[in-house]
Protein chains: 2
Amino acid sequence: MKSIKVFAPATVANVVCGYDVLGFAVNAPGDEVTMNLVDKPGVRISKITGDDGRLPLDASRNTVSASVQHYLDHVKRNDVGVEIELHKKMPIGSGLGSSSASTVAGLFAINTLLDDLLTVKELVPFAMKGEELACGYGHADNVAPALLGGFVLIRSYNPLDIIKLPHPDNLHAAIVFPEVDVPTRDARQMIRSKVFLKDAVTQWGNIAGLVSGLFMKDYDLIGRSMTDVLVEPTRSILIPDFYKLKEIALAEGALSFGISGSGPSVFAFTKEEETAAKIVAKLQQHLNKLNIGSQTYVSAVNNQGPKVIG
Amino acid sequence: MKSIKVFAPATVANVVCGYDVLGFAVNAPGDEVTMNLVDKPGVRISKITGDDGRLPLDASRNTVSASVQHYLDHVKRNDVGVEIELHKKMPIGSGLGSSSASTVAGLFAINTLLDDLLTVKELVPFAMKGEELACGYGHADNVAPALLGGFVLIRSYNPLDIIKLPHPDNLHAAIVFPEVDVPTRDARQMIRSKVFLKDAVTQWGNIAGLVSGLFMKDYDLIGRSMTDVLVEPTRSILIPDFYKLKEIALAEGALSFGISGSGPSVFAFTKEEETAAKIVAKLQQHLNKLNIGSQTYVSAVNNQGPKVIG
């Protein structure tokens with residue numbers, strides 16, 4: 001029996017001025033999938049841990065098994081039997097690409113077990129199918145960085161055009177997940193469908209600045225480009241004391257501060273790990289005062305994507 | 001008597017998906033300013049050639065003299081006497097940064113004569129004053145590339161944040177100015193003040209792709225990112241047979257095709273000079289059939305900005 005254990009990373013999408021087009025991966029948290037090839041054809045979920053019973057064991061409804069099935073259909077290997085254990089090691093509904101981490105771990109596992117029938121980049125559309133099942137919209141800004149590592153630009157969906165961007169080595173993310181509920185579907189519906197052109201111009205000046213800063217490894221340019229005049233003003237309403245949290249992070253030396261995905265997680269960029277550690281401690285302290293529990297993570301930008309851990 | 005002659009380049013602003021934030025300079029065409037320091041304080045225009053009498057000799061109304069005066073006020077050198085000859089070597093109202101080339105030549109001349117009291121980057125705000133006089137709006141996306149050379153991103157106006165971007169060495173521009181009249185003010189008013197967020201997302205995915213392509217020296221990425229879903233559909237109405245011209249350019253091997261500034265000039269990017277030469281010939285041929293005269297230019301991207309030529 002062939003068996004493998006894979007870790008795939010959490011991701012921050014909608015990176016401030018990069019709404020819907022930019023995401024990056026972190027080293028922690030992330031999800032783990034153990035996959036066994038078995039004789040009986042078909043894809044089954046044998047076990048899920050760490051989800052408090054929230055995720056479906058039904059293989060057609062679970063994003064991991066559904067995307068693995070989709071992959072097997074594509075590579076014409078429906079003779080293969082797969083048993084999946086999913087170990088959730090990160091919070092669900094946190095805005096950190098939870099479903100994406102699981103799906104990517106599963107796809108990376110089956111592709112590795114089948115001797116890399118596809119390249120990692122070719123796995124993106126299958127992972128997007130999983131996202132469609134999980135949140136009603138097949139976006140790529142979590143799954144692409146989870147698969148490729150680093151910063152990833154989704155230039156276009158039609159045709160799909162994914163570009164991996166460089167980043168400065170010491171760029172760290174300070175991430176805080178306040179334990180309040182913000183369903184992705186609701187967060188998406190809050191956003192206005194029309195915006196002022198002048199605000200859009202501000203936004204694309206900023207994403208051009210952010211991309212330039214990543215290539216130039218210019219921390220200051222990265223920081224001052226990370227302003228969102230379009231989405232943050234609305235979405236921040238769903239996050240407890242968002243602007244106070246931002247003020248605290250910037251006062252502690254953050255380069256930037258924003259919402260991760262559709263929230264409620266927030267993240268700051270820093271030049272050093274220590275600054276990130278200080279920031280998450282201060283933010284958690286403030287949320288404690290509001291009687292809101294939180295989980296915190298400090299991580300460099302993950303440059304590798306998924307990895308085999310057993 | 002100290003005297004100097006300066007050339008400053010034409011520029012392409014609103015670079016397709018980079019509306020209001022991105023511009024680049026070319027080697028030709030451009031304008032020339034001859035400047036003499038004289039005993040009698042004050043700034044005077046002594047001569048203008050090549051403008052068919054369209055530009056004001058009144059020093060307070062001419063963008064060159066007005067921005068030079070603004071510069072002298074700032075550096076507290078109102079003791080200086082300046083006589084300016086402006087030689088227009090490029091068409092006015094062409095969408096190629098005509099006023100900007102003149103203004104930049106004048107500012108570079110006075111700054112050189114006064115032993116570089118300011119850096120070239122510090123001249124940008126003075127040139128923007130000239131633009132305000134010329135077209136009612138103090139934009140920087142022509143003057144900044146005319147001063148700095150190459151591709152320039154205007155990330156933000158408030159505060160002014162200007163970033164020079166790299167580009168591949170062989171990137172050439174094929175430029176055609178169809179001799180029809182499109183005043184900048186009218187072209188600006190045609191644009192809708194509100195846009196769909198989904199279109200804005202497409203646009204900022206593309207500008208992020210274009211900036212990445214410039215850094216990566218990836219001609220193909222540059223080309224496929226240069227799509228404008230917001231401004232071109234409206235502004236192209238003012239340009240004779242725009243979509244046919246686009247079709248011709250792309251068929252001849254252009255990487256991209258778009259409007260320069262607010263038109264009526266159009267430009268294509270190519271990988272080689274010969275392709276650019278072929279494209280301008282074909283486009284001129286098509287405009288001839290429509291009984292529209294045109295002027296054509298083929299140039300590499302200018303990396304230097306203004307230069308002393310005498």
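Glycine too: its Cβ is placed from the backbone N, Cα and C atoms.
Sequence annotations record features per position, and here TrEMBL assigns domain 'GHMP kinase N-terminal' to B:63-150.
Mapped onto three states, the DSSP output places B:Pro91 (ATP binding site) in coil. Same-chain residues at least 6 positions away in sequence with a Cβ under 8 Å from that of B:Pro91 (ATP binding site) are, in sequence order, B:Pro29, B:Ser98, B:Phe177, B:Glu179, B:Gln295. According to TrEMBL, the ATP binding site annotation covers B:Pro91, B:Ile92, B:Gly93, B:Ser94, B:Gly95, B:Leu96, B:Gly97, B:Ser98, B:Ser99, B:Ser100, B:Ala101.
Here TrEMBL flags B:217-288 as domain 'GHMP kinase C-terminal'.
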For the domain 'GHMP kinase C-terminal' (B:217-288), the mean pLDDT of the predicted model: 96
Cβ neighbour count within 10 Å of B:Gly95 (ATP binding site): 29
DSSP state at B:Ala101 (ATP binding site), helix/strand/coil: helix
Among B:Gly93, B:Gly97, the one of these binding-site residues whose Cβ has the fewest neighbouring Cβ atoms within 10 Å: B:Gly93
Around the Cβ of B:Ser99 (ATP binding site), the count of other Cβ atoms that are within 10 Å: 24
Chain-mates of B:Pro91, B:Ile92, B:Gly93, B:Ser94, B:Gly95, B:Leu96, B:Gly97, B:Ser98, B:Ser99, B:Ser100, B:Ala101 with C-beta within 8 Å of site centroid, ATP: B:Ala10, B:Met90, B:Gly261
